[in-house]
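As recorded in Swiss-Prot:
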type	residues	note
MOD_RES	LYS14	N6,N6,N6-trimethyllysine
BINDING	ASN123, THR173, LYS177, ARG295, HIS327, SER379	substrate binding site
ACT_SITE	LYS175	active site, proton acceptor
BINDING	LYS201, ASP203, GLU204	Mg(2+) binding site
MOD_RES	LYS201	N6-carboxylysine
ACT_SITE	HIS294	active site, proton acceptor
SITE	LYS334	site 'Transition state stabilizer'
Amino acid sequence: MSPQTETKASVGFKAGVKDYKLNYYTPDYETKDTDILAAFRVTPQPGVPPEEAGAAVAAESSTGTWTTVWTDGLTSLDRYKGRCYHIEPVAGEENQYIPYVAYPLDLFEEGSVTNMFTSIVGNVFGFKALRALRLEDLRIPPAYSKTFQGPPHGIQVERDKLNKYGRPLLGCTIKPKLGLSAKNYGRAVYECLRGGLDFTKDDENVNSQPFMRWRDRFLFCAEALYKAQAETGEIKGHYLNATAGTCEEMMKRAVFARELGVPIVMHDYLTGGFTANTSLAHYCRDNGLLLHIHRAMHAVIDRQKNHGMHFRVLAKALRMSGGDHVHAGTVVGKLEGERDITLGFVDLLRDDFIEKDRSRGIYFTQDWVSLPGVLPVASGGIHVWHMPALTEIFGDDSVLQFGGGTLGHPWGNAPGAVANRVALEACVQARNEGRDLAREGNEIIREASKWSPELAAACEVWKEIKFEF
């Protein structure tokens, strides 16, 4: 080989594998107002220092790769790289740390939750140096959140559309979730709405199956809600699930719902995907439809305490992508949810400005500026005895959804709906009179049941139901 063609490792640039912390651990970095900030929970492999683990997360979720590459010299890595700027140990846990990472805003496409997650969590979770990794929280700067439309309408516009104020909204998921014909499904919807509910709901896995095709369901449900509206004088809604196998089919279903004149459609935003969800949210805003969001598959992502992603991150992403309602756990029913932590992400869904509060799992102060709020939906194993606690915990700006707690009433769907509406009105009145729902809740329900045989029957059926696993 001639001297002119001889290749040496030292020629051109300094190649090889470097410790991530040399470039990506920067404890002196002062975060910018425009940075996206992330708090991870990292469990390093034995022998990996926390600084190296935190720097590896910053590198692999931004500009880094496993070796030095010559194209690094064609850009300014200092401008674009993520930086691990602080690390703290997790109290009470061995070998767990919270590294904080700052990402420059230019790393992300405007208005794309898909791109944001692809960058921040798309690749780094399989990194060998980490035994486990969890994204606990994100700080979304106004400079980025303003590139999103957010919820199609928001809380106040929804109340104005429905003409319902001063109380939580009441809903019900139609059961059995699978197997009913479209006509019988519509009958169940009608009975629930006539009895006093504001909404009924398709279950998340009701799409367009052989036993009930979507178009038939949409037609019978529209007939049911118009009939219930005429009889009660109240505006009613049914969450028609538009989720489908393709975005084109999803949009076709949403268009048909709009043509029927119904007020609201539904989407499974995690299984359907953020791109599809954002497209549907844009359509809903442009065409006056409310959008109910189900979080099917969330526990696959958020249930493990040391790996995955906390639901507060998914909730923030949903507010950006778009949805007027989203399921948020109950604290009291059959589905898991800790009270303070749940209320933390409920505030992140509803409020404009949320202060940092680690006791509620909020790692960063979040300013949503003018992004509309999302109504949290409490659903899963709840019944009339839970009504005082739910009214106190979630407040007026929420949707309380009783599936089995309505349809399981011994007298039928309509009496089940009556029982829930009477219980809710009693709790709201008691609260407005200054009574303590936490201490007097059972007494308030018993007093109301004296004037409502439907509520009395419900109280008897569910007096000893508890979910203790």
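Even glycines carry a Cβ here, placed using N, Cα and C.
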For the recorded positions listed here, LYS175, LYS201, ARG295, which shows the highest count of neighbouring CB atoms within 10 A? LYS201
Of all the binding-site residues given, ASP203, GLU204, which has the fewest Cβ neighbours within 10 Å once its own Cβ is left out? ASP203
Quick one: of ASN123, THR173, HIS327, SER379, which binding-site residues lie within 10 angstroms of LYS201 (Mg(2+) binding site), measuring between C-alpha atoms? Sequence order, please. THR173
Site with most surrounding Cβ atoms, counting all protein chains shown within 10 Å, from the recorded positions LYS177, HIS294, HIS327: HIS294
For ASN123 (substrate binding site), the same-chain residues 6+ apart in sequence with C-beta under 8 angstroms from its C-beta are GLU60, SER61
If you compare CA-to-CA distances from LYS175 (active site, proton acceptor) to each of the recorded positions GLU204, HIS294, ARG295, HIS327, which comes out shortest? GLU204
At the Cα level, what's the spacing in Å between LYS177 (substrate binding site) and ASP203 (Mg(2+) binding site), rounded? 6
Looking at the recorded positions HIS294, ARG295, HIS327, SER379, which ones sit with their CA no more than 10 Å from the CA of GLU204 (Mg(2+) binding site)? HIS294, ARG295
Beyond LYS201, ASP203, GLU204, what residues of that chain have CB atoms within 8 A of the centre of the Mg(2+) site's CB atoms? THR173, ILE174, LYS177, ASP202, ASN205, VAL206, TYR239, ASN241, MET266, HIS294
Determine the C-alpha span of the substrate site listed in the record, that is the greatest distance between any two of ASN123, THR173, LYS177, ARG295, HIS327, SER379, in Å to the nearest whole number. 37
Rounded Cα distance in angstrom between HIS294 (active site, proton acceptor) and HIS327 (substrate binding site) is 6
SER379 (substrate binding site), Cβ-centred 10 Å count of other Cβ atoms over all protein chains shown, is 24
Once DSSP output is merged into helix, strand and coil, THR173 (substrate binding site) belongs to strand
To the nearest whole angstrom, state the Cα distance for the pair HIS327 (substrate binding site) and ASP203 (Mg(2+) binding site). 12
In three-state DSSP terms, SER379 (substrate binding site) is classed as strand
